[in-house]
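Asker: Got a structure for you, written out below as structure tokens; questions coming shortly.
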Amino acid sequence: MLKIETKQVESPQFESSPPPASERRQRLEKPTGVYPIRIWWEYVGVLTVIHVTALYAFWPWLFSWVGVASIVVGHHLFGMFGITVGYHRMLTHRSFQCRKWLEHTFAVLGVCCLQDTPARWVATHRVHHQHSDHREDPHTPLVNFMWAQFGWLTLKDHNFGKMAHLDRYARDIVRDPFYLWLERGQNGLFVFLAHAVVIYLIGGAIGWSYGGWPEAWRMSWSLLVWGVAVRTVVVWHLTWAVNSITHIWGYRTFETNDDSRNNWLIGYFTHGEGWHNNHHAWPTAAAHGQNWWEFDLSYRVIWLLEMVGLAWDVSRPDTKRKQKQKDEQAAA
């Protein structure tokens with residue numbers, strides 16, 4: 001019989017009970033490291049190109065049901081395995097351990113979402129948890145909603161991407177030669193472009209199999225637009241919605257030092273990331289869903305990996321401490 005080893009994580013301990021979220025919603029200035037009028041053209045350029053390319057999905061010649069299906073498949077393959085399981089729960093919070101080949105595979109899938117390199121993503125998210133909904137939070141909606149959604153990616157931050165910053169917040173990542181290689185030059189972008197070429201060729205092969213070269217040409221571009229550009233935009237905005245929507249609308253199961261919320265709509269569409277208040281209460285827990293209705297597909301993937309021996313040291317909330325915290329909040 002397979003023996004599964006787990007580790008339990010304690011809930012965060014606060015110096016004092018924070019006031020209700022409704023009393024803490026005050027507008028904030030942008031983080032101190034942000035240059036107010038210096039546009040981050042590298043990021044703005046990429047955001048613009050991908051969004052404009054995605055608009056070609058409205059061209060009837062490029063429509064295909066294979067393309068539509070590729071969004072669903074890609075959202076799970078790249079968005080869930082790459083971002084929610086890989087970048088977020090595995091690399092940022094170390095919610096579970098796995099073999100290096102599997103860890104690097106998840107990381108590559110995350111790179112294919114064009115959400116920056118693993119080290120930069122991890123560093124940004126760890127800063128977010130350290131300063132959540134305070135001024136140094138990179139993307140709090142207390143600046144404004146659009147800032148949390150994508151505005152924070154349009155202005156330069158003098159800390160972002162510097163090796164000293166990465167060494168402080170993502171030292172465990174940059175010590176890995178593979179992740180360090182992704183930081184050099186445009187290697188991360190090259191990985192994304194390589195995966196786009198592969199999808200383009202897959203589209204051509206599918207089209208050629210039933211319609212010869214004319215259909216191969218059409219399906220190549222169809223899959224490039226739908227399976228790469230549209231899928232990337234969808235995963236982008238769902239990821240960003242966790243930064244914005246789940247810090248504004250939803251219900252709170254735990255009292256935390258921020259405005260995090262559990263939002264059922266974002267929870268279901270982001271494979272469990274929308275149970276955000278739970279996550280901020282138990283950051284290193286692999287499972288974000290804490291109640292029966294809070295379905296968390298990402299955790300189910302981790303659980304399955306654990307069952308077959310591909311993941312171990314899976315972090316779970318200490319159930320006794322969790323109940324004690326709920327009882328204390330109910331009595332307050």
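Counting begins at 1 with the first residue displayed.
Quick reminder: no glycine exception, Cβ is built from N, Cα and C everywhere.
The feature region 'Disordered' is assigned by TrEMBL to 1-27. Among the features that TrEMBL reports, transmembrane segment is placed at 40-59, 65-87, 189-211, 223-242. According to TrEMBL, the domain 'Fatty acid desaturase' annotation covers 70-293.
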Asker: With contact taken as 3 or more Cβ pairs under 8 angstroms (pairs 6 or more apart in sequence), are the transmembrane segment (40-59) and the transmembrane segment (189-211) in contact?
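Answerer: Contact between the transmembrane segment (40-59) and the transmembrane segment (189-211): absent.
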Asker: Counting only residues 6+ away from its ends, which parts of the chain sit with a Cβ under 8 Å from the transmembrane segment (223-242)?
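Answerer: For the transmembrane segment (223-242), the far contacts come to 50-51, 53-54, 56-57, 62, 64, 66-68, 70-71, 74-75, 78-79, 83, 113-115, 139, 148-150, 195-196, 199-200, 202-203, 206, 266, 269-270, 273-274, 276.
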Asker: Restricting to the domain 'Fatty acid desaturase' (70-293), what is the model's mean pLDDT?
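Answerer: Value for the domain 'Fatty acid desaturase' (70-293), mean pLDDT as a whole number: 97.
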